[in-house]
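> Here's a structure for you.
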Amino acid sequence: MFQLRNFEAIKIGLASPEKIREWSRGEVKKPETINYRTLKPERDGLFCERIFGPTKDWECHCGKYKRVRYKGVVCDRCGVEVTRSKVRRERMGHIELAAPVAHIWYVKGIPSRMGLLLDMSPRALEKVLYFVSYVVIDPGDTPLTKKQLLSEKEYRDYLDKYGNRFRAGMGAEAIKELLQEIDLEKLSKELRAEIRESTGQKRVRAIRRLEVVQAFIDSGNRPEWMILDVIPVIPPDLRPMVQLDGGRFATSDLNDLYRRVINRNNRLKKLLDLGAPDIIVRNEKRMLQEAVDALIDNGRRGRPVTGPGNRPLKSLSDMLKGKQGRFRQNLLGKRVDYSGRSVIVVGPELKVYQCGLPKEMALELFKPFVMKKLVDEGLAQHIKSAKRMVEKVKPEVWDVLEEVIKEHPVLLNRAPTLHRLGIQAFEPVLVEGRAIKLHPLVCTAYNADFDGDQMAVHVPLSMEAQAEARFLMLAANNILKPQDGKPVMTPTQDMVLGCYYLTADEEGVPGEGKYFSSPEEAIMAYQLGYIHIHAKIKVKMTKEIDGVKKSKIIETTVGKIIFNEAIPQDLGYVDRTNPETAFDLEINDLVDKSKLGKILDRVYRLHGPTKTAETLDKIKELGFRYSTKAAITVSVSDMVIPKEKEKLLKEADEMVSKIESQFRRGLISEEERYESVIRTWNMTTEKVTEALMASLDKFNPIFMMAHSGARGSKNQIRQLAGMRGLMADPSGRIIELPIRSNFREGLNVLEFFISTHGARKGLADTALRTADSGYLTRRLVDVSQDVIVREDDCGADEGIYVEEIREGNEIIEKLADRIIGRVAAEDVIDNEGNIIVRRNELINEEEAEKIEKAGITKVRIRSLLTCKSRHGVCRMCYGRDLATGELVNIGEAVGIIAAQAIGEPGTQLTMRTFHTGGVAGADITQGLPRVEELFEARKPKGLAVISEISGVVRINESKKRREVIVTDEENNISKTYLIPYGSRLKVHDGQVIQAGDELTEGSVNPHDLLKIKGIFAVQTYLLQEVQKVYRLQGVEINDKHIEVIIRQMMRKVKVEDPGDTSMLPGELIDMFKFEDENKKAIEKGLRPATGRRALLGITKAALATDSFLSAASFQETTRVLTDAAIKGKVDPLLGLKENVIIGKLIPAGTGLSRYRNISVVKKVNDQQERQDKEKEETEVKASN
């Protein structure tokens, strides 16, 4: 029995004709499919039952044997074996070709493998294969050379001249003979010698040929197997033929393609039997070659074969390729049973870990469980009657359903699933109606809203799946974002507004200054309407301190008392050891969205997920209740237009006319005029906004919404009641006429027209961005999917130094943010010599704060960039798992998490290329395209000139050009750099610079940086540049996620000189493999290879992975498979995708072998007793 768990690796290779015949159950001789009268398959045809198995379970073709009892009998009349019809999905047939045919993948691929082996150009090869020219196979004693091409006329002339003294042929037969004659070992030696001696183009060609030759030697494939004598026919159920309603048939394109091959093959056989003239036979052979080409890869050569309506037919290659191909459509993602989908509605009454499931959906999803329970409880006699009960929906079914779904979590998923929080587990609660109820706090993680979104429900069936859902995926356990470790379940919108209103205070409201003997009394007074919720009151607080009751009067409001009931009172906001502050409320000031986030972060750190979930639910209750009680609403009169607006606009007009007159007098240029006008209007807009914000009352509903972080922003208020300001035209250039009106006054026609540009651009941008961001995520996942935490400590001594990231004077990322949750690579010592953190210890928040306070500017931490693990990474180099706050567990799929962390916020990044206020010079790419440019390691737009040597700068400006000369006095070398027109210099005369420093503004080409400054510099540069793009958009991503990707981009070494190893010059090889090969060589006393680390873009890195399954399912499927087959590649199944494709458990999380092979011990005590007993027995024996 073939068991999925039983194999470790999967190998691909070329199939020999013998192998194909071995797979086959019989030869397909006729092009017929099924008989039009009986609708039964024709014998020896493409659907023949004798070859492929019966169409009906346990029934032969002629009907002599029916029923299971004849299992395995081969019918003596029709020759069909009696078995399950399922075998028609796995049994193959074959076609014996009358003439050999070349496999198009190896002829037309780039580079053409067959051409390289034979040292023929692809064009020459094509001429021979498609019967245009003859090729000399054996020149004999004639002046011809082997593999020389001869035209029809030349061939006839030579034939007349030399007769049978030479041999030439055409078509695949000739090529097959040439391939059979190749002596691979001898050719390999010759090519290695040629590589050592030659240079230039000749050497490159020799290296490429050697690569193919070496592949054939290593894999044990024979070159002549690239020519097909036999063609395999895939099982009929994989190319089905189905009857439509109208009595017509729909068939897979493959059947058409196979039929053409069989027809042409049969015709060729007949012609050969008849001894037809050579030219006719040749034409038929060419047509057969073309038919087989179309079957294998239609459209690769010449015009594709089309079906009805000029649609190209889908060949075998198309079955694998692309989003609809076998890999991505059926192997990586399948449709699953026990699932449903429906619209979502809000469920504010739910707990964080619950969701509302519609009754009828739940009944359908849990049907088998309900049926079993009905039988167990004696409500039904057997499963069949139980099924009938469920289908008729008898009343007792509902009670059973209630019991069944208790403690049985379900998974909810919303598409698009951009990160792992897009699928979470909940405990179902049955609800009436047909909509799924969703807890409002998980909306942020799902990016869901209730305007018609739909969600899918999945039921985990096995006990393991249920346990996993409950412990790892339950919404209450996923409170922190894996991106940055901040809480993802922060209250939003109404809840924030309610808490803000609750904790506000107001002057001169009823009940101000009153005293109360206890918080309860104050709350009662509020409920009876004696005091206002915002009134400042004095309350006596009583607490037990060291067993003694003490009390103190504090000033607060009823709202704050109510709010604090929901918050644990030991978060450290108040110093409880100080008698002065010991009685204060934990939160005694105004609470907005960011404050709520910080409170929850503390609750999580101090009390863990369960308490946090409780607190969240309490805050949710309060928020909703008090935003309703506050009755905050928006009306036109809330948009107060500031009185100063007129005056400010007048001043601006005067400024602009001054600028215009200066321009007319020729004092300033057009550029300067434009810039000054823009600057003036921007300043005016700012001033109007400031005046507006100052004039708004602090209880103005619009102000409250924006200020609390519930909805809207300062920017939007400005447009409602201030002025809309400057707009951009379609090209992105700012129009110098601002929109003076706001939405309350209304815009005039021209203003409205100007503002349509921005709106339209915004929509187009969003659509493009979503697609680009999705594709970027897919590439990131593919490059990093096999990065899994595989060991505790890789033992790396080195780490990297980190310091804060700055852009000019602005700090983009603080040092503390970069080191929290990382492991120190060396002791961190302050100025007094005290050790703050020891080597190999995790740095937490308090320690990071201490380090910053001690004035330490750079810290050496363990990093993924220096991790020594061969496959995946180790726990110490990764540090804290951001979603739990603990050191990462072995088996965590950190690669995928990294890809999701970088890809998910991708949609928020802007697309636009900023035009620097009309300054001539290169546009700096920003946003998503910049991230892509960095990860693909492309030569950036707006390239900066960088210095290749360290030294002193001298700037030489003449009328025609600007030069920067860098001189290194010590080594006596100098380099001159020509500065392109319009670039801004970053250096000044006499400045001392280091190699790799930028001379002009712009982006650095990472490949140049790698050459000049080395690996560490380029890794740091990529990390910091990616961080800059995200931070400027206000998105926080932890460094370690970006490090995972950069690590994958730099895994390969490019071999420069192979020495005496088996590597090839220019080959890309994994750095660990490179070290191994060299170790082996040195041990044998041979010359080791030299090479340099290569920087690959993510697409290239994903295709260069060891796993051909992963690469083939990513992009360029045919190229990857062609290459893998020739090399006889073995896929070690280390990554996630490969294992999903072949249907094994993924080697991450609970799928790791160390977690799978566990024996459960019933009771610790029993085991302990047994061990003690054994110990005693051995002691007794020893004493005897």
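Heads up, residue numbers simply count up from 1 along the chain you see.
Cβ coordinates are placed from backbone N, Cα and C, and glycine is handled just like the others.
From Swiss-Prot, here are the annotated features:
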{"type": "BINDING", "residues": "Cys60, Cys62, Cys75, Cys78", "note": "Zn(2+) 1 binding site"}
{"type": "BINDING", "residues": "Asp449, Asp451, Asp453", "note": "Mg(2+) binding site"}
{"type": "BINDING", "residues": "Cys794, Cys867, Cys874, Cys877", "note": "Zn(2+) 2 binding site"}
{"type": "REGION", "residues": "1165-1184", "note": "region 'Disordered'"}
> Does Cys874 (Zn(2+) 2 binding site) have same-chain partners at least 6 apart in sequence with Cβ under 8 Å from its own Cβ, and which are they?
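When sequence neighbours closer than 6 are ignored, Cys874 (Zn(2+) 2 binding site) has Val789, Arg790, Glu791, Asp792, Asp793, Cys794, Ala796, Cys867, Lys868 within Cβ distance under 8 Å.
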> Compute the mean position of the Cβ atoms of Cys60, Cys62, Cys75, Cys78, which form the recorded Zn(2+) 1 site, and then list in sequence order the other residues of that chain whose Cβ is within 8 Å of it.
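Close Cβ neighbours, site residues excluded: His61, Gly63, Lys64, Tyr65, Asp76, Arg77, Gly79, Val80.
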> Using Cβ atoms only, which residues of the same chain lie under 8 Å from Cys877 (Zn(2+) 2 binding site) while being at least 6 residues apart in sequence?
Cys794, Ala796, Val823, Arg862, Ser863, Leu864, Thr866, Cys867, Ser869
> Give me the CA-CA distance between Asp453 (Mg(2+) binding site) and Cys60 (Zn(2+) 1 binding site), in Å, as a whole number.
51
> Measuring Cα to Cα, how many Å separate Cys78 (Zn(2+) 1 binding site) from Asp451 (Mg(2+) binding site)?
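On Cα coordinates alone, these residues lie 62 Å apart.
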> Fewest neighbouring Cβ atoms within 10 Å: which of the binding-site residues Asp449, Asp451, Asp453?
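Each of the binding-site residues Asp449, Asp451, Asp453 was scored by Cβ atoms within 10 Å; lowest is Asp451.
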> For a quick check of understanding: among the binding-site residues Cys60, Cys62, Cys75, Cys78, which residue's Cβ has the most other Cβ atoms within 10 Å?
Cys60
> Look up Cys874 (Zn(2+) 2 binding site) in the DSSP assignment and reduce it to helix, strand or coil.
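Note: Cys874 (Zn(2+) 2 binding site) is in a strand by DSSP.
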> At a 10 Å cut-off from the C-beta of Cys867 (Zn(2+) 2 binding site), count the other C-beta atoms across all protein chains.
25
> List, in sequence order, those binding-site residues among Cys60, Cys62, Cys75 whose Cα sits within 10 Å of the Cα of Asp449 (Mg(2+) binding site).
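None, since no candidate lies within 10 Å.
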> I'd like the Cβ neighbour count for Cys794 (Zn(2+) 2 binding site), meaning other Cβ atoms within 10 Å of its Cβ, all protein chains included.
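Cys794 (Zn(2+) 2 binding site) is surrounded by 18 other Cβ atoms within 10 Å.
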> Per DSSP, to which secondary structure element type does Asp453 (Mg(2+) binding site) belong, with helix, strand and coil as the options?
coil
> Compared by Cα position, which of the binding-site residues Cys60, Cys62, Cys75 is the closest one to Asp451 (Mg(2+) binding site)?
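Result: the closest of the binding-site residues to Asp451 (Mg(2+) binding site) is Cys60.
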